[in-house]
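**Q** Following this message is one structure expressed as structure tokens.
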2 protein chains.
Amino acid sequence: MTDSTYISANVSYSSIEKPPFRVVSVGSGNWGTCVAKIIAENTRENPLLFERQVKMWVYEEDYNGEKLTEYINTNHLNEKYLPGIQLPDNLVAIPDLLEAVKDANIIVFNVPHQFLEGILKQLKGNINPKARAISCLKGLRVYQDKVELLTDIISQELGIHCGCLAGANLASEVAEQKFSETTIAYPIPDDYCSGDVDPTVLYTMFHRPYFHVHIIEDIAGVSIAGALKNIIAIGVGFVDGLQWGENAKASIMRRGLLEMIKFGQKFFPTSKVSTFCEESAGVADLFTTCTGGRNFKLAQRMAQTGKSAAEVEVDLLNGQSAQGLITAKEIHHLIKNKAYLDEFPLFETTYQILFHGVSIGILPYMLENKWSISKPNYSS
Amino acid sequence: MTDSTYISANVSYSSIEKPPFRVVSVGSGNWGTCVAKIIAENTRENPLLFERQVKMWVYEEDYNGEKLTEYINTNHLNEKYLPGIQLPDNLVAIPDLLEAVKDANIIVFNVPHQFLEGILKQLKGNINPKARAISCLKGLRVYQDKVELLTDIISQELGIHCGCLAGANLASEVAEQKFSETTIAYPIPDDYCSGDVDPTVLYTMFHRPYFHVHIIEDIAGVSIAGALKNIIAIGVGFVDGLQWGENAKASIMRRGLLEMIKFGQKFFPTSKVSTFCEESAGVADLFTTCTGGRNFKLAQRMAQTGKSAAEVEVDLLNGQSAQGLITAKEIHHLIKNKAYLDEFPLFETTYQILFHGVSIGILPYMLENKWSISKPNYSS
């Protein structure tokens, strides 16, 4: 089917009734552009449900002497952040944030963590109050004595219902339409009314033959897995760097999975074991994260060279930070303040190795017998 | 601590009372020798509980002009099957099966599947009827319309209680004392009496600082995971061979884990989801099996070359069979006869690709939506 088929379908239906959903992607980095591409592929195939045009807010910058939004809209390519990937022509880059979100009733967030707060401030009071949101940001906001879900922060700031999307989704592979799966967590909101965003709408918006969507309700489970996997990848990188082999790597992943589940049960008792064990955002994302990526490589290099985390960050990451390093520190303070240190031996030992020069060789001894202290409750 | 410490400890205690447990390992291949080494390390450290000497039945053969048992007992090396690994001097190779098992009250089975039946026939009526057994054989015996656990076959043939041991345990790494974990499934038998084999005895016998043991009751779960992981490794090998990337590999592992759980619930309703999701014998062994090994490589080569399974077996495995190939065929017949084909789309598609020339490209389409038909029950 060519794109023109959809145009005519759209025109013929839109003369009767406008499609109910208008989607904007807030964010246009590597993963942001990739997800916006998926959505645009689906909106043009489903003209009864979605407005064909998908808007993508792009932080305006210069690209080879041209404005990035103009380059994207002229060439249907985002060479800066997703090079070589042809974008659908119904995906339109917009430099003005408020103009981009103006008519949207589905807002997809896909910006770096550190920009979220500023963006929410700009959006506050300037969006459709009945809009629904999906966050593609990974993780949690961790304080000294509590944890918040990023989706809750979005909800509270904007007063709109927000779900999340995560999975074993290396952006470059998804962009090339290699097969993968993802998880969307979207509980039906209390103020749901007929014709509202529901699992069918989200499935139609995100599912592709190469990108399989599974929809659940457990936002907390998806968010926890997305944050804690980075600490586990560091543990796996350590034992890989010491050439302890595949058995040891598998044991660290397994122990990490158990500590993820435990963390969920401690801090978000409604989180489900099945999210961690069954979902792409759980066990599958853990697999991919532990086979490569920035956190794994930082730890691997520390083990190989005996250098500190700070030294390796300079060498390997040009001084950029690995997310798992930050998360390991935040989680350490949290579980220490809550007196849970003994129950997360992998997370705690990883922190001690990263920040206090503890030997990696101590890992097996730290893990020994600790888990038996309190096992997860499998009935939840 | 040197070995002589243990000798003197042993001597001093044995003058008062004989230790209650005498262990034999039936089997001396790669994994058999490795496990026997672990046991012998533990029996010499625990003279109150175990007779120091561990017997290992060795199928007698010639090794460089010498008898293999003599070579092992003289050099404390099994160069034929576990080269370069020093064995404890309290591990004694014995060529006569019945002599080896004569006094044992703990029998560890660690022989290739195809020899089990013949060995059980020889042992029948010639062992201590109160002995307890641990099987290190992986897997199931699959018929056209039913499945049996190998532990049940051992129990029925010999009239003794039998547990099993499995985990993410590549033998060469365990032999080098690289860190790993394992799972022992040993439910307490009905005829248990004081001083009998129990989880503490098994823990003391198998746990090492480099080999962490977790003991559970779910023999069926451990056995199912040990058999089905090989089919999943074939699926992962297919997508790896086509260079579909890490996301796709993770999705196949995830779907495989779900089908394992489902298989357990269909055929062994007492099997526990936690065994698959939490244990080394479950998710961790799945990780290691899907990153390499014979099954993965066979499938990878099929995808890379377009050759049939039979052709690749000749090229790559010198005509030997990959276990996953046999298991895929057996499971296909079983689930077909039981009319469960639709519920195991990954297993069935893998079978179709292996034996009926179906294109690997069909995998994502076969997986789409199928799982939603019936989800595992997480309360079990």
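Every residue number used here counts from 1 along the chain in the order it is shown.
Heads up, the Cβ atoms here are built off N, Cα and C, so glycines get one too.
Whatever TrEMBL says is automated annotation, not expert-curated.
Computed from a predicted structure; not experimentally measured.
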**Q** Which of B:Phe115, B:Phe238 does TrEMBL put in the same NAD(+) site as B:Gly27, B:Ser28, B:Gly29, B:Asn30, B:Trp31, B:Gly32, B:Ala171, B:Arg294, B:Gln323?
**A** B:Phe115
**Q** Spatially speaking, which of the recorded positions B:Lys138, B:Lys229, B:Asn295 is closest to B:Gly29 (NAD(+) binding site)? Use C-alpha to C-alpha, please.
**A** B:Lys138
**Q** Ranking the binding-site residues B:Trp31, B:Phe115 by other Cβ atoms within 10 Å, which is at the bottom?
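**A** Candidates: the binding-site residues B:Trp31, B:Phe115. Fewest Cβ atoms within 10 Å: B:Phe115.
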**Q** In the three-state scheme derived from DSSP, which category covers B:Arg294 (NAD(+) binding site)?
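**A** Its secondary structure by DSSP: helix.
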**Q** Whole-number Å distance between the CA of B:Asn295 (substrate binding site) and the CA of B:Lys229 (active site, proton acceptor)?
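**A** Pair distance, Cα basis, whole Å: 10 Å.
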**Q** Which of the three DSSP-derived classes (helix, strand, coil) applies to B:Phe115 (NAD(+) binding site)?
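**A** SS state of B:Phe115 (NAD(+) binding site) = helix.
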**Q** If you measure B:Arg294 (NAD(+) binding site) to B:Lys138 (substrate binding site) at Cα, how many Å is it?
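**A** The separation of the Cα atoms works out to 15 Å.
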**Q** Compute the centroid of the Cβ atoms of B:Lys138, B:Arg294, B:Asn295, then list the same-chain residues not in that set whose Cβ lies within 8 Å of it, in sequence order, for the substrate site.
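**A** Near the substrate site, the remaining chain residues are B:Lys229, B:Asn230, B:Ala233, B:Thr289, B:Gly293, B:Ala322, B:Gln323, B:Gly324.
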**Q** Compute the C-alpha separation of B:Gly27 (NAD(+) binding site) from B:Lys229 (active site, proton acceptor), stating it in Å without decimals.
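**A** If we compare the Cα positions of B:Gly27 (NAD(+) binding site) and B:Lys229 (active site, proton acceptor), the gap is 23 Å.
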